[in-house]
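Below are the structure tokens for one structure; questions will follow.
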Amino acid sequence: SHWGSLLRRGDGGATGGDEYERRYSGAFPPQLRARLRDAARGMFVFGYDSYMRHAFPRDELDPLHCRGRGPDHDPSNLNINDVLGNYSLTLIDALDTLAVMGNSSEFQKAVKLVIDTVSFDKDSTVQVFEATIRVLGSLLSAHIIITDTKQPFGDMTIKDYDNELLHMAHDLAVRLLPAFENTKTGIPYPRVNLKKGVPPDSNNETCTAGAGSLLVEFGILSRLLGDSTFEWVARRAVKALWNLRSNNTGLLGNVVNIQTGHWVGKQSGLGAGSDSFYEYLLKSYILFGEKEDLDMFNDAYRNIQNHLRRGREACNEGEGDPPLYVNVNMFTGQLMNTWIDSLQAFFPGLQVLIGDVEDAICLHAFYYAIWKRYGALPERYNWQLQAPDVPFYPLRPELVESTYLLYQATKNPFYLHVGMDILQSLEKYTKAKCGYATLHHVVEKTKEDRMESFFLSETCKYLYLLFDEENPLHKSGNKYMFTTEGHVVSVDERFRNSLWQDILPGEEDSAEKIKPNELKAVNFSSNCNRVPDERRYLLPLKSNYMRQIDRMVGLI
């Protein structure tokens, strides 16, 4: 009843037309937006406070039993051990969310707790990718926020701060470096023990995203320290993967042998195993200005459009099915299966960053239709059977992230309605006694006793920012960027000083630099990024298209 009343008060007085126009068109009242911003903040606070009360200093919160969890004693339980390193993961991952929400006192308290209590000298075997994006990235983000002379989020300075978070990031990265040793291709081992190095029985197979999505965090660390080592090993891994792409299609697979360079997994898609590889090609260019990163991204994007995209050319009109990105064989481009996974919902947000807004609008509508049907995104959804293949939902942020970025690009209130739907679903189906819980089954709405750290670092953050029009991030002249874990980093001159050419002979000529004021999004569509004022309250998609999408997922 609470959400129903909010929706009725927020319908902008729209009357007439069909059900989509009645529900989604019209202005979004500032009072409603403020309530939703506060609700998103309250969601974060409940999850964060519950973690601190019941789980800290352990890595994660079990929200059903109100207790903490750390690494599993069973080394085969990779779902837990890849992420949990016995280093207060959730606290670290949430640091910059506290700052973005303007909570300076709790941010300062949390930073001091991390400095005083967290050590990486642990006998923990973790996934290099997860430790990098969740822990290393958050430490760097918080360090950048603390040392920012402008302090846009309020006073986030720490008394007598002596770069401790940067030193901790350096310590962690040094412990991850053994993963890059004794590999014939330069592609890192997937896991490393923080005290002992690469385990003797380590797997020689790794996924493309896991090995090729380290460049943003490692590059920032190198440029802050003036030490090229970290960026060099991460960049070497990206180039090694890139050079293994198919000569026929230009596509990459999703699992590779790090010693032989043989593709073990030949699936090419936009979801698990591949997603952030493409994301970081573009974001590395945005942050560091290295033209070769943009060149790789442009080639990859064209190949994705040529081989993964199915459906009609113009998404909002014409004959045929609405567009969809599918999983194909990297060598032939032939369809491999009929499912998409929830991680693919990040892709519309990436399309926004390159200016392909129209395609982003249409693809986002597909994932939103699935959300409307279940109140969550199943981990895998079979678009042919119109049913979940893997029915759990671990509070992932990707749809929220794309919703936020599409709103920033278009300012269309449709996306505020989408955000309200998502917020309502999370409150209704995932709220637990002590936080928010993974949905074990999106149809039955049964819960699992786990709240992953990205719920606080990403899901809550993007929801909050969607409704917080006055946030300093939105007044910064677009000088901030989000990492793949949603951590905020500034885009500024100090990250443009390249250090890695000195140990990559022959690379100097190819590493053309782009200055910050010359950064332009490569535009693959004729659409501009912002809807003109006179069109702002029109739906971003035609109603008949939205009905077609709803039919595709069995909603109607």
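Cβ atoms here come from the backbone N, Cα and C positions, even for glycine.
According to TrEMBL:
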REGION    1-22  region 'Disordered'
ACT_SITE  Glu130  active site, proton donor
ACT_SITE  Asp275  active site
ACT_SITE  Glu379  active site, proton donor
ACT_SITE  Glu398  active site
BINDING   Thr484  Ca(2+) binding site
Can you give me the Cα-Cα distance between Asp275 (active site) and Thr484 (Ca(2+) binding site) in Å, rounded to a whole number?
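Each residue's Cα considered, Asp275 (active site) and Thr484 (Ca(2+) binding site) end up 10 Å apart.
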About how far apart, in whole Å, are the alpha carbons (Cα) of Glu130 (active site, proton donor) and Thr484 (Ca(2+) binding site)?
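About 11 Å separate the Cα atoms of these two residues.
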Specify the count of other C-beta atoms within 10 Å of the C-beta of Glu379 (active site, proton donor).
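So the Cβ neighbour count for Glu379 (active site, proton donor) comes to 21.
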Among all the protein chains here, how many other CB atoms are within 10 A of the CB of Asp275 (active site)?
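So the Cβ neighbour count for Asp275 (active site) comes to 25.
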Rounded to a whole angstrom, what is the C-alpha distance between Glu398 (active site) and Thr484 (Ca(2+) binding site)?
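Checking the Cα atoms of Glu398 (active site) and Thr484 (Ca(2+) binding site) gives a distance of 10 Å.
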